[in-house]
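Q: Here's a structure for you.
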Amino acid sequence: MPGSTAPPAGADTLRVEAPVTLKAYLMCVFAAFGGIFFGYDSGYIAGVMGMDFFIKTIEGPDAIVLPAWKKSLITSILSAGTFFGALAAGDLADWIGRKITVILGCAVFIVGVVLQTASESLGLIVAGRLVAGFGVGFVSAIIILYMSEIAPRKIRGAIVSGYQFCVCVGLLLASCVNYGTQDRDDSGSYRIPIALQMAWALLLGGGLACLPESPRFFVRKGELEKARVTLARLRDQPTDSEYIRDELAEIIANHEYETSVAPVGGYWSAWMICFQGSLFTSSSNLRRTILGTSLQMMQQWTGCNFVFYFGTTFFQQLGTISDPFLMSLVTTLVNVCSTPIAFWSMERIGRRPLLIWGAAGMVVCQYIVAIIGTVKPDDDNCVKAMIAFICIYIFFFATTWGPGAWVVIGEVFPLPMRAKGVALSTASNWLWNCIIAVITPYMVDTDKGNLGPKVFWIWGSLCACCFLYAFLLVPETKGLTLEQVDQMLNETTPRTSARWVPHSTYAGGEKAEKSVQHHEEKVASSGSDGDSQV
């Protein structure tokens, strides 16, 4: 931040984390399982709204399609719930912990799924999706925060990309289940896909109960011994290891540095800290909050959820595809098979180049689809070409913006505002998710806007905005600890960030034990006042 004192130089910047072990890796990987939870819930609804039995249950025995306003309501109400759930999760994560917040989200989600499974009318399925949305909001906001805080820097990008891969797996599983139940002539056609969601919530909640809490949460609470034990468990090291001492000291020193620049007060001031600083300073809290929220907005602007939410009904409207459910399954499979590339590319190529060139690739594909859909929308061969370029577009999304947006928002916020910053960013994702879910049926349905494939003119133009945004505003964060990312943002601009290398630490080599001791004394002297500020 401008005018602030730089961290001490001369420390060993390479010894701020222990080497990655298999046990440490597997613990971090499991947290990514939360993506299946989110992906399946997003994916099943597209197929269910195209099932004959579900349409007749909601509309009546003579209905053959849901009206646009009901498709819009059923799809978007989940996103409305997740918006408020994500905002509430920011407070809960700082109060009761990252892990417990996610487990609580799983429990709320299960309640919503029970309501949906029991539904035989529009009202109950809407209510169930709203309740489930709150749970998804808790999970989607805090699981990213949790993974970013526990993952070692060398694999953090790959781990968080694994979350997006699990989202894709969830979408694929939803498509497979929908494909298997679509022809049933009973309520099992839609109740089976809905009820299966409970399995993912139970697995995630039960598994997380066995994993440690984030050590950065304990540092924020001033419980340093718990932070030390937790960090040792995550890094698979003894508690008296020099690696654990140095990394814990760096986390503490960075936290003290940030709170000295922007002290955390009561409830409202804890939220207002997210909006401090100048809009024209790249390291200010305001700029970081805008970066996180706008990056998630841009991810939704790519049009990805048009394909995943409304793909089945869109393919039905084209009129030349014999099996829209199978085609939706194919596009989801492309998404799943492409995303693992990001495990390697996020750490090898970097976040910033992938977001820039991924947006460029999506622009080209979407404009080609739009041109074909405008010139020859009824030609079978042209429709096949459209499908091919939709799949290529999904490839670009799955390897770049899909995981990249989640990776970056987990890295750019300092510890005092990290939970709330990630919560605001995730809430932005769900807000725009909701907006797109509301307006899309009105743009493409035959009885409304009837844009059909021409809607890709809109998505392509928005992806062009994503290209400019990534080039001008997204920094490069690969290979850095969360504390080094904070230091880098203080010293560079987005376009020069890729050339920055760590040159100092917040704690300093011989200052490590002093940082721990000073923080312990500070917490002890503050007494109960410290708890009231958390």
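Glycine is treated like the rest: Cβ placed from N, Cα and C.
The structure displayed is predicted, hence computed values, not measured ones.
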Q: Checking feature assignment: transmembrane segment per TrEMBL, candidates 244-262, 301-319. Which range matches?
A: 301-319
Q: Is the transmembrane segment (158-180) in contact with the transmembrane segment (192-211), using three or more Cβ pairs under 8 angstroms as the rule and ignoring pairs under 6 apart in sequence?
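A: Checked: the transmembrane segment (192-211) vs the transmembrane segment (158-180), in contact.
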Q: When you scan the chain for residues with a C-beta under 8 Å from the transmembrane segment (387-409), skipping those not six or more beyond its ends, what do you find?
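A: For the transmembrane segment (387-409), the nonlocal Cβ contacts are 144, 156-157, 160-161, 163-165, 167-168, 291-292, 295-296, 298-299, 302, 304, 307, 321, 327, 330-331, 334-336, 338-339, 341-342, 345-346, 351, 354-355, 357-359, 361-362, 365-366, 368-369, 372, 421-422, 425-426, 429, 466, 474, 477.
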Q: Using a cut-off of under 8 Å between C-beta atoms, tell me which stretch among 24-46, 124-146, 301-319, 355-375, 456-474 contacts the transmembrane segment (73-93) the most.
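A: The listed stretch sharing the most Cβ pairs with the transmembrane segment (73-93) is 124-146.
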Q: Who are the chain neighbours of the transmembrane segment (158-180) in space, where the CB to CB distance is under 8 Å and they lie at least 6 residues beyond its ends?
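A: Residues 28-29, 31-44, 46-48, 51, 143-144, 147-148, 151, 192-193, 196, 200, 308, 312, 325-326, 328-329, 332-333, 335-336, 339-340, 342-344, 346-347, 398, 402-403, 406-407, 410 contact the transmembrane segment (158-180) from elsewhere in the chain.
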Q: Are there residues at least six beyond either end of the transmembrane segment (301-319) with Cβ under 8 Å to its Cβ atoms? List them, or say none.
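A: Sequence-remote neighbours of the transmembrane segment (301-319) are 42-43, 45-47, 49-50, 71, 75, 171, 178, 325, 327-328, 331-332, 335, 359, 362, 366, 377-378, 383, 390, 394, 397, 401-402, 432-433, 436-437, 440-441, 444-446, 452-453, 455-456, 458-459, 462-463, 465-466.
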Q: So which of 124-146, 355-375, 421-444, 456-474 has the most C-beta pairs under 8 Å when paired with the transmembrane segment (24-46)?
A: 124-146
Q: With Cβ-Cβ distances below 8 Å as the criterion, list the same-chain residues six or more beyond the ends of the transmembrane segment (355-375) that contact it, or say none.
A: 302-303, 382, 385-386, 389-390, 392-393, 396-397, 399-401, 404-405, 408, 452-457, 459-460, 463-464, 466-467, 469-471, 474
